[in-house]
Each structure stands twice: as C-alpha cells, then as structure tokens.
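To start, the structure itself, in structure tokens.
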Amino acid sequence: MGQALGIKSCDFQAARNNEEHHTKALSSRRLFVRRGQPFTIILYFRAPVRAFLPALKKVALTAQTGEQPSKINRTQATFPISSLGDRKWWSAVVEERDAQSWTISVTTPADAVIGHYSLLLQVSGRKQLLLGQFTLLFNPWNREDAVFLKNEAQRMEYLLNQNGLIYLGTADCIQAESWDFGQFEGDVIDLSLRLLSKDKQVEKWSQPVHVARVLGALLHFLKEQRVLPTPQTQATQEGALLNKRRGSVPILRQWLTGRGRPVYDGQAWVLAAVACTVLRCLGIPARVVTTFASAQGTGGRLLIDEYYNEEGLQNGEGQRGRIWIFQTSTECWMTRPALPQGYDGWQILHPSAPNGGGVLGSCDLVPVRAVKEGTLGLTPAVSDLFAAINASCVVWKCCEDGTLELTDSNTKYVGNNISTKGVGSDRCEDITQNYKYPEGSLQEKEVLERVEKEKMEREKDNGIRPPSLETASPLYLLLKAPSSLPLRGDAQISVTLVNHSEQEKAVQLAIGVQAVHYNGVLAAKLWRKKLHLTLSANLEKIITIGLFFSNFERNPPENTFLRLTAMATHSESNLSCFAQEDIAICRPHLAIKMPEKAEQYQPLTASVSLQNSLDAPMEDCVISILGRGLIHRERSYRFRSVWPENTMCAKFQFTPTHVGLQRLTVEVDCNMFQNLTNYKSVTVVAPELSA
C-alpha cells in the first residue's frame, strides 16, 4: 500500500494554491481550488526513492466527492501520475522531484463536479491512502468553464468583492444601502455546500445552471419558512434588532442553523442578497439588481388592477397582483448550452412557490435577453418577468354601493431605473437598457405587439391593453410632490386641475396619504382631506397643500413609504381622475469624514457627525462601527441624548489590517429610528519598505 513508497506526508500547499486560484480570502490552511486550473501538492517519502520510473508506474490518484462516489456519474476519478498529463480530464504530472519528495501538479476538468473532495493515493491496486481534502469551485478565469467572464474588473466585482450596495427607495429617490455579502467568511462555503447537498443529483453539480436553480429554490423555501411577521409594537432595543440588515452571513446562518439574525417580512428583499453571496462563494459571478415600480403577482398578464375608495385611499389588496415600489433579484453569469444561441450571459434567478415540479420546478433561470425580446416560449418565467417591467396599470374606484368605476389615471410606467452597483466603484449603474428597449421606440412597439399577439393566441386573454376611456366633458388632474420627505418634517404638494370644456364644473377633490411597505402592501392610513371646488370653463387651477407629519393619525411604521393619492370627480361625469406619487421618508444625514488613503497597520481616525433635524430629542443613541479589514470586530458606543438642532460628534480610531479598497460602515440606532447607516471607502496601501 502507500507505505510501499514510504509516504511520510502530503503538503497541499494551501496558501500558495489559494493565492493562485483567487481563494486566499477563504483560507490559508484549507485548500480551495477552481476547476480547470492546476494546483500543486508535494509528496514526502519516509525513505529515498531511487527508481523513479518504476515507482511512477505503480501509483495513481483518486479524487472523489459526494456520499456515494461513482465513476459513472463523474463524482469519482482515478488517474495516473505521469510525466505528460491530460489537461481535458483529471491528470497529475510530476513537475519536480528528488529522492525525498515529488512535486505534483494536479489538473481538474473545466466541467468537473464542484464540492468537497477527498484525494487518495493508490499503489499497485492496494488499499488507498487518504492524502487530504480539498474543495473544488467554479472558475470564471477559465475559458472552458461555463461561468467564464473575460473582463477582470467584472470578475473582481461580481465574484471577489464582499462590499456591496443594494438600491432601495423609489424610482425618484434611489437610496444606496451598504451590504456585506461576506462570501469568504469562514463558514459560508460549508453552509453553501451543506445547502446544496439537499439536492441528491450530485453528478449535476458540474452545471452552473442546475446549481443556481437548486440554490435559488432552496433559499426561497428557507425564506418562506424562516421569515417572521414584524411585531406591531416593540421596545427600542428589540426594534433596533429587528431592523438590522447589514449583511448576508448572519441571515444565512439563521436560515440554516437557527443561529444568527432573524429576518422579518418587511425585509424579505434580502433573499436576493443572500443568493448572491452563495453563488459568489461557489464561484458563479452574481449581482443584486433592483427594479423600481415592479408589477408582481400578475400571472404574466400585461394588465394590473389597483383599487381605491372614494376618498382616494388604497382599498386593500389587488385581485391580481400589485405594483411593488421596488423589487430585488439576483443575476448570475453563465452559458446556456441547452438554449438556442444568443442567451448566454446574465441570467435572472426567479424562485417561486413549489408547483409540483420538485425543487427545480420552483426556481427558473431566465436569460435577461429573453425578457428584453419577450421570448415567451423559451422558459416559463419569461412571461412573469416581462410583465413585471411592461405591464399597464388600471385604477378602479370602489364606490359605496359596491360597484367599480374605471378612473382616468396617468399611465404608471413599471420597470423603471433597473439598477445595480457599478463595477469597481460605488456609483449606481442603470441597466434598464438590458431589460427593455427605450420607452416609445420602434423596437419596444414591435416587441410589445408580438408579445400581445402571442398571449392572446396562447391564453385567450383579452386583458392586454387598458380599457379605452371616452368622455365628452374632460377634466385633467396633475399631482406634484417632492420625491422625499424628511422624517417628522413637512413639505408642500400641489394639485393642478384643468377644465378644457366650455362649462363650469363642480369638482370634489379627495387627497390622502397612506404608509405602504416596499411590496405595495398597505401599512397604515395616515391622513385624508376633501375639497369642494368650482372650476370655471377653460381654466387651470393649482391647489397647494401643506403635508405635515404632525397631522398624521400615527407615525409611519419603520421602513415604509408614503403613498400620496388624489382623486377628482365632477358632477357631469361618472369618470374620476386619479393621480399617485410615492414618497421616500428620509432620516437625518449621517456624515463620515475619513482620509481616502491609509497605510496598513497604521492608526486611522474617522469622524462621525449627526445633526438632529427632528422636532424631538434623539434618545438611547448607539453608534456601531464595522468594516472588514479595518476593524476586527464590530464596536458599539452609547451616547447621550441629542436635542433638536444639536449635533452629535464622535471620533473613532482603528488600525487597518488588509490592503486594498476597504469600507467603513457606521450605524446609528435611537428611539426615533433604527438602522440609519452610511459608509465610506478607504484605500489601504502596504507600508513602504525602508531602504
């Protein structure tokens, strides 16, 4: 057996190999390698080996993964140690040798099954000797790998960067949320493969399409099982905990082990970020994408109905879906060999409720190009995703007698400002052009007409275009409001009514404000006002109204938006005019001052300031600072109360330990709000060597 060669030990050269395979952030002790790329091990012998060629002919290596390794399903491979090797299959070549050791280069196939492997040595068919374990990952640097990404800057961003930005807010007030993907945290690789192991088709782990769909489905299932309803009331400390949303790793730990940070229903958008972490960890380039004004739950229909009462307030839930203020999704990069040519590149992970098709049946993988072109027959989810960014909204008025009346509402454009973090920077990149042709363009018209025709033929669904409205006595309504409103602040809104007819009109105007969650679900009714106006013939009238937090029936729940609506009705027509604006609630600005460049192992100081722009004191203030490569562990500091118009200032000193672009994240929690964050990036350079 192995003792015939007198094997003393095997050095897997983890630090060196991990450096060459872009996995050094995972570990310097455990071996993590990427498929299709050689890695080096060193065999040490107990006694000198004089006859090299005879000894070489007697030995072979076996690499195996999974619970039941098999050569048939490509989870086990036995291959000789030679002087040539086969770069297309498992191979091993002696690169250097002496009497005491052999340096062996092992190459894995570019389409090998990923996962935890055991490497064994076999001598002359006798019992195998375990040399050690390694983990094999996808390889975006290898042209033969299905996840190959040729741009180095994109590989650095979509695979190696742990500091992310996720875009929340509204289409008119996009807010960047600092996010720690943490794909190289110590236990993330094991948690990810543990999750993947629930799929017993290990032989298909060589296919990134299969792996992505399995992970998307399992994470969606975990989210549905683990996401908790947000309590209506909670103490300040509990509220601060509920709204923590700094990164993927605590969430992944909670979902898989029950230990970590819980997620509540108002934050279920984090699924896209957790999926991005797991995909990047396994070697699949991925990014989080946000679509503003996204039509969800339409069943692929290109019409979405919204219902409002006579006061202009949203009347419960739509029968067929609703428009989300924003919706996050995960894109991953890979080839699609099973699809027609032209659908390689970015794919959208689209999990859904299980429909009897097993794990894969509850997560589709949709080429972005298929959504843009409206290729409905390519894969089932194209229809849903196309509708999400192209549907038309129809607004109905629910009358007191139970009848529904169609309103004349301005077209709500869905699928706006589709955004993701820019490559190598903190800027917001608009990628709407990847998903749809320009609004009003000939290409957009052609795609929509083709999709409408196909839907009517396939589904016999006439609900494609909004119902036409005709009125002999038109009234026009225009609503203007700021894109954001300071927390506990005030603003001016204006309503413009235009009477183009030759007759005077008696108009009833209803204006309302509601708090809504990001997914369009009503959270609270806050304020309403009714006006009775007389509008002269051929006249335009502008009504200006103050919007004050102090007039609201209650404070808007944390992490909600204001939905401002206006509905105008006149006596000569049953047709009401309707307009709506979504307003982001902005909290006080958290300012961070810090040098743009710092030296490794040299103290660095950051200054943090927060002015209380509210009308009440900020009490129970806690500042937390964190940053991988800058601060070993999160630090938290308690501060005194900050009175209105006063400013809280603090300085923090820490010592950077990692070279490269690092990010400091600062968070403030108090009785008035939780999870107020900001971030600042710093480039850490290695110390100059003294002459």
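Just so you know, the numbers here start at 1 and follow the chain as drawn.
Any Cβ shown, glycine's included, is placed from N, Cα and C.
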Region 'Band 3 binding' range according to Swiss-Prot, out of 31-39, 58-66, 76-84, 184-192: 31-39
In three-state DSSP terms, the structure that S248 (phosphoserine) belongs to: helix
Long-range Cβ environment of S248 (phosphoserine), under 8 Å and at least 6 residues apart: W179, D180, F181, G182, Q183, V270, A273, V274, C276, T277
Integer mean pLDDT for the region 'Band 3 binding' (31-39): 97
Secondary structure tally of the region 'Band 3 binding' (31-39) (DSSP, helix then strand then coil): 0 helix, 5 strand, 4 coil
